[in-house]
Amino acid sequence: MGDNYSTYLLDIEGTVCPISFVKETLFPYFTNKVPQLVQQDTRDSPVSNILSQFHIDDKEQLQAHILELVAKDVKDPILKQLQGYVWAQGYESGQIKAPVYADAIDFIKRKKRVFIYSSGSVKAQKLLFGYVQDPNAPAHDSLDLNSYIDGYFDINTSGKKTETQSYANILRDIGAKASEVLFLSDNPLELDAAAGVGIATGLASRPGNAPVPDGQKYQVYKNFETL
């Protein structure tokens with residue numbers, strides 16, 4: 001079914017890895033680190049430049065503001081920078097590994113042109129794919145899939161994922177025709193936006209994903225083995 005496409009654009013959460021990974025692993029890891037980051041912040045600390053962009057001097061208020069952004073899942077670019085910094089430490093220390101589905105790992109390895117589009121920052125995307133839990137190895141082993149991925153897009157590079165113009169921007173940047181691209185996501189609003197510029201779409205139906213009311217109008221993929 002995917003043989004007609006030369007280029008693949010992939011969402012992350014709910015598509016190539018469990019949707020629970022962000023809310024049950026990444027977000028708690030970050031929120032647990034926030035008090036320490038804020039209270040120990042000094043002018044020469046690594047996160048000082050990021051925290052200063054919130055323009056909140058009171059540390060208690062700053063901490064509350066950051067945690068509120070996380071709780072409401074606000075796509076704030078400053079928050080994304082801070083999360084990227086914290087998650088980098090987690091990945092590099094071995095405390096975090098991304099549970100990418102085995103069929104998605106195989107898919108990324110065997111397809112010639114694969115791009116990633118996520119609301120998470122490009123930096124966070126590269127970290128995730130750089131520290132993937134190897135399904136065929138002991139728990140401490142990880143895979144680096146970045147060499148198999150041709151490019152990364154986020155809300156800063158391309159725009160919001162629910163806006164058609166964002167996909168037009170991506171087509172321009174990768175130099176592809178809409179008819180050559182298949183976009184896979186668990187979010188129907190994103191699929192509709194991509195379809196608005198003529199990109200073919202597929203609905204990722206993974207364990208734990210929310211039911212899609214009009215799911216029958218999309219080509220549904222429970223895994224990527226058929227692609």
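For all residues, glycine too, the Cβ spot is worked out from N, Cα and C.
Record check, Swiss-Prot: substrate site residues include SER118, SER119, and the candidate from LYS97, LYS109, LYS111, LYS161 also listed there is LYS161. Together with ASP11, GLU13, Swiss-Prot lists one candidate of ASP186, ASP192, ASP214 for binding Mg(2+), that being ASP186.
The Cα atom of LYS161 (substrate binding site) lies nearest to that of ASP11, taking the binding-site residues ASP11, GLU13, ASP186 as the candidates. Spatially close to ASP186 (Mg(2+) binding site) yet at least six residues away along the chain are ASP11, GLU13, GLY14, THR15, ILE19, LEU203, ALA204, SER205, ARG206, ASN209, ALA210, judged by Cβ distances under 8 angstroms. Sitting within 8 Å of the Cβ centre of ASP11, GLU13, ASP186, and not among those site residues for Mg(2+), are the Cβ atoms of ILE12, GLY14, THR15, VAL16, ILE19, SER118, SER185, ASN187, ALA204, ASN209.
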